Amino acid sequence: MLQVPFIRQNKALVLERLTLKNFKELDLVEEVLALDDKRKKLTLEYDETQAKVNSASKEIGKLMAQGQKDEAESRKSEVASLKEKLHPINEELAVTEKVLIQTLSKLPNLPAAIVPPGKTPEENIEVRKGGDIPALYSGAVPHWDLAKKYDLIDFELGNKITGSGFPVYKNRGARLQRAMIQYFLDYNTSKGYIEYQVPHLVNEASGFGTGQLPDKEGQMYFVTEDELYLIPTSEVPLTNIFRDEILKDTDLPYKLTSYTPCFRREAGSYGKDVRGLNRLHQFDKVEIVQIVHPDKSYEILDEMVAHVEGLVQSLELPYRILRLCGGDMGFASALTYDFEVYSTAQQKWLEVSSVSNFETYQANRAKARFKDGAGKPQLVHTLNGSSLALPRILACILENNQTAEGIQIPAVLQPYFGSDKIV
RNA sequence: GGUGAGAUGCCUGAGUGGCCGAAAGGAACGGUUUGCUAAACCGUCGUACGGGUUAAACUGUACCGAGGGUUCGAAUCCCUCUCUCACCGCCA
């Protein structure tokens, strides 16, 4: 959530930045300010009336102790009339506060100064690229054919057990997935990230804290009976570890990593985008999260991008790093870099990581704070990134490394996989 | 799932209607003492939203798991919910 005092002091900037994010409901800004004014007015009114009640009550107590019953009774009736006023004020205040939060929640985060303008993925800016796109082997086929040929993934079996988008990995396909998880986690922990295993279902407060709720409700699977959501990414449980916490500034930054499956409904996706491993309802991902001092977050964002880049490079895959334009960014993000790897057999780039700085947007929703030098609570900045999402990496390894003799396994994965080739 | 007990500040823990935003101890932080460490001593040690101020000081309101109720007045009494613990049942 944006902070109301900030909106108040920087209204023009807020409107300009929201426009860059291709946000249309600009009237909401004015609405938020009006609601906040109303909230303040009602708060004052309530507090003043309640103060009168409190002091009268104290006096009644004294009068009773002194045996001045008549005087006490008259003060009682005075309090009663004050309380009649109090109830409606209180109710209106509660409604106003609720609507304020609801309205404020509809405003996305403001894009950082260096976010390029644009509405579509075509307008993202390529900031770096690396690796060579290999010449296409003459007998090359897409990964879904390779998966069948080498008996690595059974898509039909997933259809039977659950539905489309829930593939079954088997044999060396399953082994390769496990090898990647292991390697990615080891890579992250070697750079100071603390490994976590977190719940795969979260409550509503957690969904709100990271910005998935209420807006992206349809993206998450919901377990009605227990009112829990299946996580769309481990960002949600990891970041919510810090919800309603006041941290010590000397403990910052917190660096966390976790492997979890991720569940996404992907309602409305269809066609060739969902072929094979390209877009799934359940997939595996290793995530990195940092909780940092506001002064350091952009420096740390760069550090995280470099961290993920090192991981992609070690897999020897052709990649590019994009700075997302305003219109392509996520709701809660202030600046996002996407990593894409090139799938030779499909001849297209596939997103395998998204690294973002949320500044105080999530922290304000989750009330994640630290005590600054003066001992005052201040919102932290939160960042996260995939390191990495597995299915598309798997697709690219299979497609790019295929030869007539089989599929070559990247050197860094071989110790985990137990072999250098799939034949 | 059943039965019983409980939920107070960073922690332990007192508080059963007004003097309680909350005793006491511990931890932590700052300082004094000390050759260093330890000990001792002094001080600080909630959050949110308002008012106020250049900023402070100061000040109002709320919060003792959450929500509601009784009362002039609630941490304290009542109701509902959530969670925790113990025992039983079931079970990886």
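Glycine residues also receive a Cβ, built from the backbone N, Cα and C atoms like all the rest.
According to TrEMBL, the residue from A:Asn124, A:Asn384, A:Asn400 that belongs to the L-serine site alongside A:Thr233, A:Arg264, A:Glu287 is A:Asn384. Sorted by the number of other CB atoms within 10 A, the binding-site residues A:Arg264, A:Arg265 start with A:Arg265, the lowest. Closest to A:Glu287 (L-serine binding site) in space, going by CA atoms and restricting to the binding-site residues A:Arg265, A:Glu266, A:Glu351, is A:Glu351.
Distance from the CA of A:Asn384 (L-serine binding site) to the CA of A:Ser354 (ATP binding site) is 8 Å.
Taking CA atoms as the reference points, A:Ser353 (ATP binding site) and A:Asn384 (L-serine binding site) are 10 Å apart.
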